[in-house]
Amino acid sequence: MAPQAPGRKSAKRKQSEDDEEIAPPQQELHSTGVLEMLSDEEDEGDASSDDGEVDDFPEIVNESDSDDSGFDEEEDEEDEDEENESESDADSDDSLHVFPKAKTVTSEITNQPKIVYPEIEPNYDSDSSTEDTPNRVGNVPMHWYDDLPHIGYDINGKKVLRPARGDELDKFLATVDDSSAWTSAFDKNTQSEKPLTPEELDLIRRLYTNENPDSTYDPYEPTTEWFTGKGKEEVMPLSGALQPKRRWVPSKWEKQKVMKIVRAIRHGRILPSKPKSSSKFEPFAIWSEPSSSHPPPLPAPKPALPTNAESYNPPAEYLPTEEERKAWESLDPEDRERNYLPQKYSSLRLVPAYDRFVKERFFRQLDLYLAPRVQRVKLNIDPNSLIPKLPSPSSLKPFPNYRSLQFHHSNSRARCISVSPDGAWVVSGDENGNVSLWEIIVGREVKRWKFEGKIGSLAWCPRTDVSYFAVGIEDTIHFIIPPNVDPVVLSLTRTILAPATLPPAPTAPSPVKWVTPPSASWSLDTPILTINLTASTGMPTHFCWHRRGDYLASVSTGGIQGGVWIHQITRRHSQAPFKKIKGTVQSVLFHPLKPHFFVATQQYIRIYNLSEQKLVKTLLPGIKWISSMDVHPSGDHLIVGGYDRKLCWFDLELSEKPYKVLRYHSRAIRSLQFHPTYPLFASSSDDGSIQIFHSRVYNDLMTDPLIVPLKILRGHQITDGLGVLQVKWCGKNPWLVSSAADGSVAVWCS
């Protein structure tokens, strides 16, 4: 190492020279291979004259250090100022002895000089505020380190291990041996006990004694005269009003003191004063104590508070007129709204005594004695919370909401209707035997057929490759081909209804006869096929087609025999599926997906498996008389309507009892039907209205169906107590066709 110039020695060098131990000679450093480098300002002679020994540093004179400097006299003034400042700092440090003196020793490993500071003495008085915090994790929750062996990291990034902590017994023994244990607190950051300073102990003592935490606060400081003196006089005097209640703040400490006394009284630590003992006998009421076996009697009802009308000087609007007075006097006492008339007096001393005071008191006591008081539990329920939260009807469009056109049957009831599979044609029948075919778009009648007797039912074949419909009259079913049919469709329809070669006769003969007129007599005015039911069967009131269009089920009522018939068109065969059935059949349905057959009697609905020929389930709708029913296109839900105004929704996967029972019609339900494609269903009633509902069925079996009322359609007149007799949906559009007892057939569009 190169020697430094005498004039540029630092304070550390000066301290190292003042120590008792002296660095090893320079020769030893040369022997270890340390090079000696000279600066430009040093002379070579000075360097060669160094014999390896360290000279004593001369004393520092505050007045001048020019004698000790080995530099050139032409050195800058700035260097001299720096030297003076460093020397003065060194002197001040030596005099104050704030920092311990260091020693320069030779390292045993590198043989290089190093500075070693002495150990800190135990009695060294240092300020703990200058010490570095060993844990440098910051303000983070310490429970993050509960499962770790360390509690944080120091300033160098090393882990601060968790100090060992004993159990509760070790803590107790430590507090016994250490008299200052009560003056320490647990530090979560270091996970150890930290002694409290006298200032902190004084702050805790002040808080415990309900004093001001600030020790410099003087509660007895002299009063400041704010309103005394020149220029401080107030024009108006200070208010003497009491402080409002909103400014009162309850004392938390007083509440704790009161609760402490209350707990002591409850636990029996504080006993009340003993009652005064006296030898004098004091009577007491036997019946004043409440019975332990019976609940206490309810308090008597309080009389109503007086109003302005009972005042001795009521306002003018409360005083009755002469007509009101005469009307009040003419009524019986029990019919009067109140048993007095308001009167006006100029002063209270002019008010006479109440003449009915004794009588009213007597009757009130009589009421309290005779009238039993029953305690009724009142439920505080918000009425709006009972209403289900349903979506808005405007978000569930489209659905029919207005009547687009109307078709009339003169002087007769329009009993039945049917819509073609393509949704372009409507066929309707009345009680005079007229069957009309008209367009659903414009309402123009295209064709009319005349039959003898009432038209009981109409049903259009659901197949799209053929076009014909069935008409049910007394003991007969006619099949008619409409006009304006495509030649290909017409040819196929004739082939199915009137084949050139009849199918072979079934093994079991049927009493039902199938009749086809000769091909030469075929015309649009006559049916192409007629089914003659057995005698006394009655009028077919209900038709139901199978989804494939080959089977037609008919229900006949009104005859002696009646019953259900299933007709197969391709085989020209009719059979009665039931030899004997309990009750009168009202309606039948084919399941849209399974080989199941629904039969509705007056009070029950039975589901049969046609392939296995057995009963699957019996539904109990709870309706006195079933009028109609329809199955959902998915086949899992069924709706049933009755003449007792009920509509039952069945989930066929659940119980035999209805899932929902709706009562929204004021009179008997006549007809109802699901839309084949849209989530809608409609019901008609004798009250002349048609109810439209949104019925969304989810594939998730855990989700309940969504039933939302959408629209009430009114437009049909009630005739002879009958309203809307039948409703049918248009297959491809959200349109509805309805027929009513007033002879009108309406089309409702969206």
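Just so it is clear, glycine is given a Cβ too, placed from its N, Cα and C backbone atoms.
All TrEMBL annotations are machine predictions without curation.
Per TrEMBL, these features apply:
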REGION    1-134  region 'Disordered'
COMPBIAS  38-93  compositional bias 'Acidic residues'
COMPBIAS  104-113  compositional bias 'Polar residues'
DOMAIN    145-400  domain 'BOP1 N-terminal'
REGION    290-333  region 'Disordered'
COMPBIAS  293-304  compositional bias 'Pro residues'
COMPBIAS  322-333  compositional bias 'Basic and acidic residues'
REPEAT    407-448  repeat 'WD'
REPEAT    662-703  repeat 'WD'
Secondary structure tally of the region 'Disordered' (290-333) (DSSP, helix then strand then coil): 16 helix, 0 strand, 28 coil
Long-range neighbours of the repeat 'WD' (407-448), counting only residues six or more past its ends (CB under 8 A): 454-464, 467, 469, 471, 473, 480, 482-484, 524, 719, 722, 725-726, 728-733, 735, 737-747
Averaged pLDDT score, the repeat 'WD' (662-703): 91
Helix, strand and coil totals (DSSP H, G, I; E, B; other) for the compositional bias 'Polar residues' (104-113): 0 helix, 4 strand, 6 coil
DSSP-derived helix, strand and coil totals, residue by residue, for the repeat 'WD' (662-703): 0 helix, 21 strand, 21 coil
Secondary structure content of the repeat 'WD' (407-448), with strand meaning DSSP E or B: 0 helix, 24 strand, 18 coil
